[in-house]
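Below is one structure, written out as structure tokens; comments come after it.
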């Protein structure tokens, strides 16, 4: 698979552990691709849920995917500041169809005022039983929650204002070409 270039549009597909398609984002603009990471932006992007419902993202959001870490990060740029939605998920896989990952239910939300919340713990525990998450997988995901919280607490990567500003500025430049 040829890596997408800056300005290319890709589809993102989220799956569940049992292989079922969970959610699809159409036309995410790629801002940067490296050997291990993809940075993109969603802005009024069409999202299709597994039940067929469709909606459009409201604000620009910088998205970060990595091949090493078991999470992805969405930095939502809002009038009152940047909020984050972080999915505990498999490292991404890229093929000719889409960027793909498995969503493991647990989410960390960071509000513009810095408040953090771990979400969907009950859903995670339910799916862990239903879909037979292994003990090794459970350990990996819980360790990655710790890594993610460390990134948040230390303003690392996508949790840095400078990071969000640089990539949003680049998006505006590309959009207006």
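Each residue, glycine too, has its Cβ placed from N, Cα and C.
Cross-referencing 80, 87 with the Mg(2+) 1 binding residues that Swiss-Prot gives (103, 107) picks out 87. Here the Cβ of residue 103 (Mg(2+) 1 binding site) has 19 other Cβ atoms within 10 Å, regardless of which shown protein chain they belong to.
Straight-line distance linking the Cα atoms of residue 107 (Mg(2+) 1 binding site) and residue 120 (Mg(2+) 2 binding site), rounded to a whole number, equals 7 Å.
One way to see the shell of the Mg(2+) 1 site is to take the Cβ centroid of 87, 103, 107; the remaining same-chain residues with a Cβ within 8 Å of it are 14, 71, 72, 85, 86, 88, 89, 104, 105, 106, 120. For the pair formed by residue 23 (active site, proton donor) and residue 103 (Mg(2+) 1 binding site), distance between Cα atoms is given as 9 Å, rounded to the nearest Å.
When the binding-site residues 105, 107, 120, 123 are compared by the number of other CB atoms within 10 angstroms of each CB, 123 has the fewest. Between residue 123 (Mg(2+) 2 binding site) and residue 87 (Mg(2+) 1 binding site), the C-alpha separation comes to 13 Å.
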